[in-house]
Amino acid sequence: MNNPKVFGLPMARAPAGNVQSGGRSGVRIVIAGDRGTGKSSLIVTAAADNFPVNVPPVLPPTRLPEDFCPDRVPTTIIDTSSRTEDSAKVAEELKRADAVVLTYACDQPHTLDRLSTFWLPKLRQLEVRVPVIVVGCKLDLRDENQQVSLEQVMSPIMQQFREIETCIECSAFKHIQIPEVFYYAQKAVLHPTGPLFDQETQTLKPRCVRALKRIFILCDHDKDGALSDAELNDFQVKCFNAPLQPSEIVGVKRVVQEKLPEGVNDRGLTLTGFLFLHALFIEKGRLETTWTVLRKFGYNNDIKLADELIPALGKRAPDQSVELTNEAIEFLRGIFELYDGDGDGALRPRDLEELFSTAPESPWNEFPYRDSAERNAMGGLSIDDFLSLWSLMTLLNPVYTIENLIYIGYSGDPASAVRLTRKRRLDRKKQQLDRSVLQCFVFGPKKAGKSSLLDAFLARSFSETYIPTTEERYAVNVVDQPGGTKKTLILREIPEDGVNKLLSGKESLAACDIALFVHDSSDESSWKKATDLLVEVASHGEDTGYEVPCLIVAAKDDLDSFPLAIQDSTRVSQDMGIEAPIPISTKLGDFNNVFRRIASAAEHPHLSIPETEAGRTRKHYHKLINRSLMFVSVGAAATIVGLAAYRVYLARKNSSS
């Protein structure tokens, strides 16, 4: 078969198979509608190419041959009953559908009304989120005096129900447009419009634009901002397994230039022209062209890279974390310089938007990344803040990091972008750290000053306004250590009401490098709640084996301390074997090197680990047991040696006799 020409544009036929079909092994189409609308006749005529004289009320599942539709994907058609007593079974079938065909009878107008009053609302009620094809059957029986435009009839319904992909009328009796019904149904599954195109605005959807932009950049080998004839040909061969003739390339560029002059320049097809071409394909119903391109570059139906392209990290212990490798960090430094166009050492919001313009969306626009890093007055990120956000994302969701690295152009082995750290338990045994990113859990009662501490860590000004923290929050920054080394410190604020939920899991402290307990130094009740939290966290660590170094922060040092504050804090510190509280005042900007001290304590994972009374008792008990076992072992050994000596003595005595 000759290669098709798409509205004047020569395009090679999309290859059949898994790539073209999005990896689907089959399509399940469910037919539903009122009684007598022609559901069963439609199915039999499609499958047997013959109009049936008698059909049963409900047909068994019917499989169309693979070559019925161009994509050669097996299609199974499910007929449904119109009886009220079978509604539960119909609902189950609809929930399992890849596409739904809703039928009405062209000679029975009330069955068309029932689509918008019953069937389409029913699909929404059942949360069936698949393409819907509306089919008018029995076209041959329509009254010739009631001829109306299908577009005129269906336009209001399609405005109300955006899930309708296509409307078509057919006649099983006269074999009019029967194959087209199932072609459109299958096409709606394999090449859906929704992810690519906004019907209301008649424009490509943002995620589609971002994916096509990334593909354009990947194909622009000389990075001159345009696809030359050679690059266009390479693109065509990669996607469609067939080259373009020189005259065809000229034709493509001519079509673009006539409609959009800026779509072509003296170097070739620009990004604007590339996007215009795909919008044109979609407008003309050639969605398979754009879907073939997207799938050749690894995109799934959500316009995101398919899972198999993102390497699995393998199994890791709860007390292991994931960090960026030096290779990934150097790549990100280069990206920072590339997008820092004005050379001011900061990436502004528009720079970041451009940087992530080839990802499905900017990963840092949402919680927990949006407000978790220090920014300058213009909202810009320094190189340290930029890398800090990547470190936070890698700690919380390493697969998301790898995915976004690929989107922004990381060309190395994706698995080489991150590394697994050593277990924290092993760090304690070796008395040294094997990580450059440290996570600190920040505990404390309400109004203790936790949020102000996180704000100060991000160089934000102090505010007298109290806003209660209801959900966990993160703050990340780089801490300069003595000797010129740097550590990335992540503060994770745990609301007081969220402590029980956090500690309900056995491994909840496994990811923690150090715990911080903040209290209002002027409020005795705040101090008592903070120490209760300290004991609770320390006990959890002792019970689970995930013990962590702990520090206490006495916030609001600009206020007078409560009576006996020094005595109480000294007693708790000595009893639990940790440092005395660190006094700070975020209001006065006096932080007493608290962030450096947090990082330093985390770097010595065997120190500053609190010991509760129960923990001491348990440890003492284990020592006694071990000592008893040692005495038993020594006694047993002595007995064995004694018996052996006695036997030697008897042997000698007998021989001398």
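Here, residue 1 is simply the first one shown, and the rest follow in order.
Glycine is no exception: its Cβ is also placed from the backbone N, Cα and C atoms.
Remember, TrEMBL labels are computer predictions, not curated facts.
Annotated in TrEMBL:
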type	residues	note
DOMAIN	24-191	domain 'Miro'
DOMAIN	327-362	domain 'EF-hand'
DOMAIN	435-604	domain 'Miro'
TRANSMEM	629-649	transmembrane segment
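Residue counts for the domain 'EF-hand' (327-362) by DSSP state, with H, G and I taken as helix and E and B as strand, are 20 helix, 1 strand, 15 coil.
If one looks beyond the domain 'EF-hand' (327-362) by at least 6 residues along the same chain, the residues whose Cβ comes under 8 Å of a Cβ in the stretch are 206-207, 210-211, 213-214, 217, 302-304, 376, 378-383, 386-387, 390, 404-405, 407-410, 412, 416-418. Over the domain 'Miro' (435-604) the predicted model carries a mean pLDDT of 95.
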